[in-house]
Ligand code: BG6
């Protein structure tokens, strides 16, 4: 079942092995890869954490994580037992030499047992302040010295501004080669985001329209209906621009706007993506005010339940100026996208969870139909829903059956639900398997991360130097008024999935 034949054995080390990410995402992802037959015959997973813990306790805690969060539901006892034989708790302080010495002995012993130098995957699922210590430890004991087999996975946040991202890259590159570093952005592992590549580059018909001649504007929305929950501590240091726009939304932007690659090689894909970010027209003091909008939620009702104001959330400063909503209007100054506005928005505690890329095409040059024959002259739209719905919808005009000429918009839908029986893997499954196989195409290169920070830096600086009257949107709404005005000023509206926004449109009968 493996993607590659006879994958080499693997030693997987998760620093922060007892943390939330390991519990909710990483171990369930490895478990699903295991039951899907994608892990090598010989593998071992070590969850490194400083506390003394009983091995049995660790196993049962991780089982609870799988039973709660795994997409395949509760673990089957037989499969779990077999998987758990390869899962170990590894007590170790990230700042102590001894941790890395013992780790080295353990990994070497596995290599010997398996009679093969295993791939080593070191996952930094830790607070950024430990990245230095772990890198020093790994390098001091030569644990990741084999450039072609040893891989370092670094979670976001990758820096908190351009300078800190540069420092972090410098630090990692002093110990490891770029080829070994996998900067993860889980959005790139999402099935629908990968499908955007297939959609654009495995089909002929959209490419000829995919430019400023035919596209009027592009919208990228990542709306969440949850608040910051228990993550107030982290969120106070981040905000929507750093937490979502600089990484996840920019990744969506890159996949939407990139030039066709020549191959799917990591370097080729990453070159094309970084070109997009390099072409983004820089924000400056004259355009920031009108092109960058921020918001913070106040109390409101989401799905009928009261959501408290951000300033009331746990570990949040009651006078916090941190934004929980951000919207940007930007331009990509290259031939393909000259003059086409891209609107990006994301926010927490919004009315509905919905991540959508919407392409609005230009109007036909001349409408030959009388206004009463075509009352809704909506231009063609291509709406790609990333989540929770996974569907692509093409909105176009069609004649209603009847003796009169009556034209109305209709939809053509492609949904995962109607087309496939196969289960959709979690983003982390795809990405972790890519790391094991040494494919970095879906990971960010140093220059791409830095370029993404470069784009948002003027906004970060401007927002730090100015204040906004917060809260400025109610939980359960669609965000601040100013964000609606941003897009309305250009004559457009935010587009959501057609059924959310345009219930009048009749859906195609499902097969
Ligand atoms: C994370 C952010 O990277 O992505 C969170 O830190 C956000 O604030 C999350 O909620 C969204 O991811 P997803 O996969 O649920 O859209």
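Cβ coordinates are placed from backbone N, Cα and C, and glycine is handled just like the others.
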Of the candidates 224, 267, 268, 323, which one does TrEMBL list alongside 186, 190, 243, 348 as binding substrate?
224
Residue 248 (active site, proton acceptor) sits from residue 190 (substrate binding site) (Cα to Cα, rounded, in Å) at a distance of 11
Which residues does residue 94 (NADP(+) binding site) neighbour through Cβ under 8 Å, counting only same-chain ones at least six apart?
15, 48, 50, 126, 130, 133, 134, 137
For the binding-site residues 93, 94, 190, 243, 348, which sit with their CB under 6 angstroms from an atom of ligand 1?
243
Sort the binding-site residues 93, 156, 186 by C-alpha distance from residue 248 (active site, proton acceptor) and give me just the closest.
186
Residues that sit under 8 angstroms from residue 224 (substrate binding site) by C-beta distance, when 6+ apart in the chain:
346, 347, 348, 349, 350, 353
Integer Cα-Cα distance in angstrom, residue 243 (substrate binding site) to residue 156 (NADP(+) binding site)
9
Below 8 Å Cβ to Cβ and six or more residues apart, same chain only. Which residues does that give for residue 186 (substrate binding site)?
25, 427, 428, 431
